[in-house]
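Q: I have a structure I would like to understand better, so I am pasting it below and will then ask my questions one at a time.
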Amino acid sequence: MDIAKQEIREKEMNFSIRSATATMVLCGIVAAILVLGNILNFLFVPLSSLIIIAVVFFCAYFLSFLVRRGVASPIIPYVTTAILTVILTLALSSVGPLTRIPFFLIYFYIVLQPALVLGRTHGLFGIVFVDVLYIAMVFWTRSQYPETHLGFEATKLIFFTIVALFLVLEFDKNLRRLQRIRYVTARAETGDLTHRINDKEKDEIAFLSMGLNRLLETESAIIGAIYEIVNKLSSIGEQIASTAGEIASASSEIVQTTQAMTEKIDQQHDDLSKTITTGKTLSEVSFEVVNNVKKIEEFSIGVSTSAAGATEQGDSVINNIELIGKRYENLSSLMAQLQDVSSAINKIVNTIDAIAEKINILALNASIEAARAGEYGRGFSIVADEIKKLADSSQGSASEIANIIKQMVESLQTVAVSTEEVNSAIKDGSVLIRTTADVLKGISNKVLELNTAIKNIKDVIATEEEEITNMLKQVESSYGISDENSTAAQQILASMQEQSAASEEFSASSQELVSMANKLKDMVHKFTVAQVHTE
């Protein structure tokens, strides 16, 4: 199995830095021991050895500098292992065979450290390089240390080789087990949860492998459950989104309908307001008509009273004329004047007759107008004006009659001595006066009829006014209800608009839920849990 090149590069760089640091530390320690031994005369150290140690130190420093700057190469770990081996071998070459024994164990560190970190290749390289370099050092220093025993050195080197080889292979075995764990975790990082580790050992690495297997099983089960939940959530989200869209559409239609209803209610509210205003205006007009009719009634009563008084005066005049006719039959000389007076009375009678006809017409018109009072009493002003003119004309005629009668009385006083001549004229005048009295009585009767018609008009107007008042009350009540309905409709419209906005937000949230479910589904699809592979 392959481990990512980046991870191998990082391990090599880390090992190179640590090895270079260890080399520099070891160079410093060896140099210090050699210098101290040379000063105290318990070690013989050639100058060349110190020079080699210095060169090795600076080489290690240079390698550390390059690696820290990002310069990496697969051969650098081998170089650092070789440098450490060289510096330790140089140090051991400066001491005797027996003194070398404890320091010889450092070779195990030089060999096992790269094997533990980088694998058996580096460990085997370290073993071979140590064996070759140590054998060369033994033969090189044999003349310097006669006590050197080649069998002992060979036994020591063989022991080192066997133990180191065993440890390197054991480390490599454990390293490969860890690499299998790393491989499975790397596959899990990419979403592949199908790999498992088959480790039959009973150590911590095996327990770690079993724990990782259980973790992957649990994670696979969780991913499967999440996948099912995501599918259901996606389906539910789509249903919710569809329902939310329908709700939003329905809410929008309801808002439009409610808004149209609100506008109609407002229009009805305005129409009722106009109706109330018109009704109040009509009531005011009816009140003015009633006042005018009351004035006409008062005027007609006055005319009737005047006509009755004129009739009574006419009767009195007739009685007086008859008495004068009996007494003054000799007033024939005044016939001409009485004739003129009779002509004047004739004109007045004609005028009164015309007035009577007009009053009849006005009474008829008043009855018609009373019947049409439902159309706001139009025409009452015309009737009032005509009746006023009639009253003025009647009053003028009555005044003329009074003047003529006065002239007649004066004439009769003047011609009192001539009874015979005026007897015939007095009789004729008596007839005319009776006729005038009859006309006045007719006028009085017509005025009474007019009063009755006016009373009927008043009653009709009063009834209409009462109906208008009741209608206004009902309209005002409807106006209040319409006002409440308008306010309620506005509140309903506001609520529906809020509900429509909430529905749109709910629809957007549903769409977002579907989007999140799809994203989660895409993420879950990255995991593979179908087939299990054993490593």
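Cβ coordinates are placed from backbone N, Cα and C, and glycine is handled just like the others.
Please treat TrEMBL annotations as automatic predictions, because they have not gone through curation.
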Q: Pick from 167-194, 391-418, 447-474, 503-530: which range has coiled coil per TrEMBL?
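A: That would be 447-474, per the coiled coil entry in TrEMBL.
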Q: Can you tell me which parts of the same chain pack against the transmembrane segment (15-36), counting only residues 6+ beyond its ends and a CB-CB cutoff under 8 A?
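A: Hits for the transmembrane segment (15-36): 43, 45, 49-50, 53-54, 56-57, 60-61, 63-64, 67-68, 72, 76-77, 80-81, 83-84, 87-88, 90-91, 94, 113-114, 117-118.
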Q: Please indicate, using numbers and ranges, the residues of the same chain that are 6 or more beyond the transmembrane segment (101-119) and have a C-beta under 8 Å from a C-beta there.
A: 11-12, 14-15, 18-19, 77, 81, 84-85, 88, 91-92, 95, 125-127, 130, 134, 156, 160, 163-164, 167-168, 171-172, 175
Q: In the domain 'HAMP' (175-224), how many residues does DSSP assign to helix, to strand and to coil?
A: 36 helix, 3 strand, 11 coil
Q: If you average pLDDT over the domain 'HAMP' (175-224), what do you get?
A: 81
